[in-house]
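According to TrEMBL, the features are:
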DOMAIN    26-202  domain 'tRNA(Ile)-lysidine/2-thiocytidine synthase N-terminal'
BINDING   31, 32, 33, 34, 35, 36  ATP binding site
């Protein structure tokens, strides 16, 4: 993919998905890798046309010394670009992928609220979405879990996280960085096989691309997009049905709606949700 086409595609996504508005204050999450490097350079070019107020944010999980060096390079990039820079450093090492992600999003929300940034852009790609989809499948997730890594999510009141690069694969962003000579820093955590995402990224997806479909990333990303749309529809439908809930109506509903309504009830009552528990309750209603 040529650089100019990437910028045009990114701008088209911003317009079609409604991920940005004119004169908005936004943060760009930069990790130093190829994906966030492409995102930052493209957003910087689009900035005069959209009249954005830009700033960079980076997070240091205290996993590796190399990450601290990467944050130093990102701060220099912000200085040379004359863009504000925010850095979040954990007081103690964050263990685990899920906890690290939760800490990052909390940091984004805190910085966004404190400095009036309503939008945070991240460099998640179609490859990240495919990895997340496979991980949720292996965990036995519901349809809602399959639709993770959506285009946008709410972090706090008035603060949203958006992922405008979900149509771009990691191989495409890597090729762009090499051709345009963007300065990138490899994250050692992405090479670790003991982490689930590392094994999926380094072993499973390459196997699927080689032996099943060269475009496995795009196909899995497409599945996630379809699952997200259907999950949103079912959620909206169940919210309306909650007010008219009775056993007589429940037994007439399709199975998918029955399960979704019970899931709503479990969540409201703070009951641990499992497929077995939901099915047990559902069958007990019919007996």
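Here the Cβ of each residue, glycine as well, is placed from N, Cα and C on the backbone.
TrEMBL does not curate its annotations; it predicts them automatically.
Sequence-distant neighbours of residue 35 (ATP binding site): residues of the same chain at least 6 apart with a C-beta under 8 Å from its C-beta are 123, 124, 125, 128, 165, 168, 170, 173.
Residues near residue 36 (ATP binding site) in space but far in sequence (CB under 8 A, at least 6 apart, same chain), listed by position: 28, 29, 30, 122, 123.
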